[in-house]
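Pulled from Swiss-Prot, these are the features on record:
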type: BINDING; residues: 10-15, 87-89, 122-128, HIS143; note: FMN binding site
type: BINDING; residues: TYR12; note: NAD(+) binding site
type: BINDING; residues: TRP107; note: substrate binding site
type: DOMAIN; residues: 4-199; note: domain 'Flavodoxin-like'
Amino acid sequence: MVKVNIIFYSMYGHVYRMAEAVAAGAREVEGAEVGIYQVPETLPEEVLEKMGAIETKKLFAHIPVLTREMNEEVLAGADALIFGTPTRYGNMTAQMRAVLDGLGGLWNRDAFVGKVGSVFTSSGTQHGGQESTILTFHVTLLHLGMILVGLPYSEKRQTRMDEITGGSPYGVSTIAGGDGSRQPSENELAMARYQGRHVTLIAKKIAGK
């Protein structure tokens with residue numbers, strides 16, 4: 001059995017929807033055990049309320065929150081980790097950064113060496129830092145000793161020119177629009193499923209399971 005966990009942060013639900021699609025793709029692989037977790041929120045509730053995020057976060061309130069006590073089982077215990085984060089100035093969110101910065105003990109034990117790592121993201125605009133967010137995230141995964149997997153061009157949907165779409169060789173992405181009203185398209189969700197399946201198949205081969 002190959003164990004794959006999806007770890008995400010979402011404020012308005014875009015990354016959550018992508019995470020569910022990634023998980024669905026991973027579950028298509030025979031013998032895959034797939035989990036999905038959200039990272040802890042660091043913003044005060046009054047700030048979230050002003051940002052209009054209280055109601056939207058209820059959409060995925062049923063998803064378990066990854067606590068520090070769970071890091072050993074959920075993160076170090078997985079064969080592959082697929083991370084999802086919105087862009088923040090071309091980087092991951094502070095909420096996701098806080099989780100990764102807390103992995104020093106596991107890093108010191110080489111707990112992630114040889115595991116598969118992959119990333120997906122969202123931004124408000126077509127050129128809102130999607131690629132830089134994934135690439136800068138990759139730097140952390142390399143420091144952890146992980147094997148990077150992206151979204152290869154065998155997934156032809158990323159080359160479509162007839163509609164606005166996210167996605168690059170670095171990983172699948174979605175474009176939320178300046179007001180957040182655009183939800184992930186079927187094309188983007190299909191790419192997310194592809195990436196989830198692709199990562200899981202590679203992790204299964206590496207783990208010899």
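Here, residue 1 is simply the first one shown, and the rest follow in order.
Using the three backbone atoms N, Cα and C, a Cβ is placed for every residue, glycine included.
Shown here: features listed in Swiss-Prot, placed on the structure.
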{"residue": "SER10", "record": "FMN binding site", "Cβ contacts under 8 Å, 6 or more apart": "TYR16, ALA19, GLN38, LYS57, PHE60, GLY84, PRO86"}
{"residue": "TYR12", "record": "NAD(+) binding site", "Cβ contacts under 8 Å, 6 or more apart": "GLY52, ALA53, THR56, ALA176, GLY180"}
{"residue": "GLY13", "record": "FMN binding site", "Cβ contacts under 8 Å, 6 or more apart": "THR56, LYS57, LEU59, PHE60, GLN183"}
{"residue": "THR87", "record": "FMN binding site", "Cβ contacts under 8 Å, 6 or more apart": "THR121, SER122, SER123, GLY128, GLY129, GLN130, SER132, THR133"}
{"residue": "TRP107", "record": "substrate binding site", "Cβ contacts under 8 Å, 6 or more apart": "HIS143, LEU144"}
{"residue": "THR125", "record": "FMN binding site", "Cβ contacts under 8 Å, 6 or more apart": "ILE175, GLY177, GLY178"}
Averaged pLDDT, computed only over the residues in the domain 'Flavodoxin-like' (4-199): 97
Three-class DSSP secondary structure - SER122 (FMN binding site): strand
